[in-house]
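Before any comments, here is the structure.
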Amino acid sequence: MVDREQLVQKARLAEQAERYDDMAAAMKNVTELNEPLSNEERNLLSVAYKNVVGARRSSWRVISSIEQKTSADGNEKKIEMVRAYREKIEKELEAVCQDVLSLLDSYLIKNCSETQYESKVFYLKMKGDYYRYLAEVATGEKRATVVESSEKAYSEAHEISKEHMQPTHPIRLGLALNYSVFYYEIQNAPEQACHLAKTAFDDAIAELDTLNEDSYKDSTLIMQLLRDNLTLWTSDQQDDDGGEGNN
């Protein structure tokens, strides 16, 4: 029998060593024990996979940019090599995402009770995120399918969070941040993105007195990110609209 506490300890150790593949493997094993995760375990799982997938997303963007430049040069041999390398990174990224999505569907979301709203929103947000990462590299019908799955997960999480969580709760705010990024970057819907981000920010500002001391730092940081995105997106809109504001 695998010792759960030993696995969690290994994940903590791997995080300190910045060995995120090891960290993810340990937390995958913890999840597969099929018992609910504590808040700390949930965060360890999230941090591990965010770093594992983040490295691939970053590599993919760099290679895609090189691929575009190489295509313009017309060097067939080099074009083929760069394309093959991009596809290799894509496969790795897809495997990581499928790994997480499988854990979410088989254990984490499934094991949430009706009243575990915080966990449910956390995991549905994660599901939306990993389908969004798949959408970043997918094309055609495959892209349409993962975009739809991402939207569905975010939407369900959003409804639950609005009904059962304070507007200042860091998980509700983090969801609004990522869901608005999904609208802006994946759906190419800047107005929806701005509306969602602005509503989340304004609702949190209106209830600042409900801010929990423990989560004060997390909540205010996410609020700052929401505001930064709004500033960037509205200025982009003004540029696109020939100087007209997008209210």
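Note that Cβ sites are derived from N, Cα and C of the backbone, with glycine treated the same way.
Curation plays no part in TrEMBL annotations; they are all automatic predictions.
Features reported for this protein in TrEMBL:
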- 4-247: domain '14-3-3' (DOMAIN)
- Arg57: site 'Interaction with phosphoserine on interacting protein' (SITE)
- Arg132: site 'Interaction with phosphoserine on interacting protein' (SITE)
Nonlocal residues around Arg57 (site 'Interaction with phosphoserine on interacting protein'), in sequence order (Cβ under 8 Å, 6 or more apart): Leu93, Tyr133, Glu136
Same chain, 6+ residues apart, C-beta under 8 Å of the C-beta of Arg132 (site 'Interaction with phosphoserine on interacting protein'), given in sequence order: Ser150, Asn178, Val181, Phe182, Ile186
